[in-house]
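What TrEMBL says about this protein:
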type	residues	note
REGION	248-272	region 'Disordered'
TRANSMEM	6-28	transmembrane segment
TRANSMEM	40-59	transmembrane segment
TRANSMEM	71-92	transmembrane segment
TRANSMEM	113-133	transmembrane segment
TRANSMEM	148-167	transmembrane segment
TRANSMEM	289-312	transmembrane segment
TRANSMEM	324-343	transmembrane segment
TRANSMEM	355-378	transmembrane segment
TRANSMEM	384-404	transmembrane segment
TRANSMEM	416-435	transmembrane segment
Amino acid sequence: MIPGSAVYHVVEAMVPLYTAAVLGYASVRWLKAFSDEQCAGINHFVALYAVPVLIFHMVSTNDPYHMNERLIAADSLQKAVMLLALAAWAFWAHFRRRRGKASAAAASPIKWVVTNFSVASLPNTIIMGVPLLDGMYGSVSGGLMKQIVVMQFCIWYNVVIFLYEFMAARDSTSKIRPVLPGAVTVAAENSDHILHIDENVGSIHAERGHPAENIEITEVAAASLTATDCASEDSITAVRKELSADRQAINGNNNKATEEGSAAVPPPAPATQQVPSVMRVLWMTGKKALSFPNTYASFLGLLWSLIAFRFGISMPKIVNDSLFSIYTTAVGLSMFSSGTFIARQSRFVPCGYTIASLSMLLRFLIGPVIMLLVSLAIGMHGTLLHIAVVQAALPLAITSFVYAEEYKVHADIMSTGVILGIFISLPVTIVYYMLLGL
């Protein structure tokens, strides 16, 4: 049975997360302390700076020469099975849409691939997993959890970012362009004149290249009226009458010409979408993904760990402390950003109760069951099998929400998965612990 101290350590890990989320919610909902742009800036800082530094820290402090091959293989196989199954569904949905059997306005299947894969396969292994599994299976589970999160940072989060960038590149290269079969331009004979009256000198100017409707009459009020001014005023009044008659005649001609032109010009064809080539989209995606800080953080962290653990080199204290001041903000600000996101929505569960229930089912049932099956398939048993299954039932990783909000792809589902998942993960993992111990 799980000791009470282990449950208390889990609660110790949960309360700070909810504190940051509640503070973010209150700051936007009630205090009005942050605007939408400022909330987006907070999330942008986490995605570009705090999380990459956290990734570098986690990867660089993990010993790559002493990793559990069976656990890594089971975890990688579970994620690969989920991704391949979702990709097969996406291809099926794509061909079904092309045949006209699905609504053209439906969301892109790639969005659901990324969302479902993140919800089912990316658990919160460090913050929630380490204290919980330490109480269940001892201190050995902490090192195993770190190995899983290192693989997530080095491989699977880069896959997720690549898919996000692929969607962004595809959308940026797709342009809506109307196709017009032809156009007929009809203009009145005198419709390209603009007449100006300068009352100071009593002259009339005509210019070409402007529509006849833009007739401007400049009036200057005189302070005193002399006999000459009265004569000029009479002359201007006569010109105004002539201009008024000319304008009415031109407008009538324009209206008639417009009616004739409208009857002659067929209605424009519906807009067509320019579909970009797949190779161009992949090229743009690869360049953008390689420039993302997460890619460099995981690569440099892995390179440093290979050198440091091979030759026994430690990180200089000044560098380690500088990194510490940044990566410690990642978790708190991620939860704070999640709270601000929920506060800006019209309801507390932004994605709705139906989708929230399905995401919880995907997170706490389908993911662990697939992990159990692939672990048994490669011959895992005993405590290692139990650790693999229980860690698969941990709540959704907070980083998944950060990326979803950054790319504006189903952030409502991710925020709900993080907030509700942390709350219900403790009883769910205890149930799995008891079932596996039978």
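Backbone N, Cα and C atoms are what each Cβ position is placed from, and that goes for glycine too.
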Considering the transmembrane segment (289-312), which listed stretch of 71-92, 148-167, 324-343, 384-404, 416-435 counts the most C-beta pairs under 8 Å: 148-167
Contact set, same chain, for the transmembrane segment (40-59): CB under 8 Å, 6 or more residues outside the stretch: 34, 126, 146, 149-150, 153-154, 157, 293-294, 296-298, 300-302, 304-305, 323-324, 326-327, 329-331, 333-334, 336-337, 340-341, 399, 402-403, 405-406
Spatial neighbours of the transmembrane segment (384-404) far in sequence, C-beta under 8 Å, 6+ residues away: 17, 43, 46-47, 51, 68, 70-71, 74-75, 78, 115, 118-119, 122-125, 127-129, 132-133, 136-137, 141, 144-145, 148, 152, 157, 160-161, 164, 330-331, 334-335, 337-338, 341, 363-364, 367-368, 370-372, 375-376, 410-411, 413-415, 417-418, 421-422, 424-425, 428-429, 432-433, 436-437
Candidate ranges 71-92, 113-133, 148-167, 324-343, 416-435 - greatest C-beta contact count to the transmembrane segment (6-28) (under 8 angstroms): 324-343
For the transmembrane segment (416-435), sequence-distant contacts whose Cβ falls under 8 Å of one of its Cβ atoms, 6 or more beyond its ends: 2, 7, 10-11, 14, 17-18, 21, 119, 124, 128, 132, 136, 335, 338, 342, 349-351, 355-356, 359-360, 363-364, 368, 386, 389-390, 393-398, 400-401
Cβ contacts under 8 Å made by the transmembrane segment (113-133) with residues that lie 6+ beyond its boundaries: 6, 9-10, 12-14, 17, 58, 78-79, 82-83, 86-87, 89-90, 141-142, 144-146, 148-149, 152, 156-157, 160, 163-164, 167, 331, 359, 362-363, 366-367, 370, 387, 390-400, 404, 409-410, 413-414, 417, 421-422, 425-426, 429
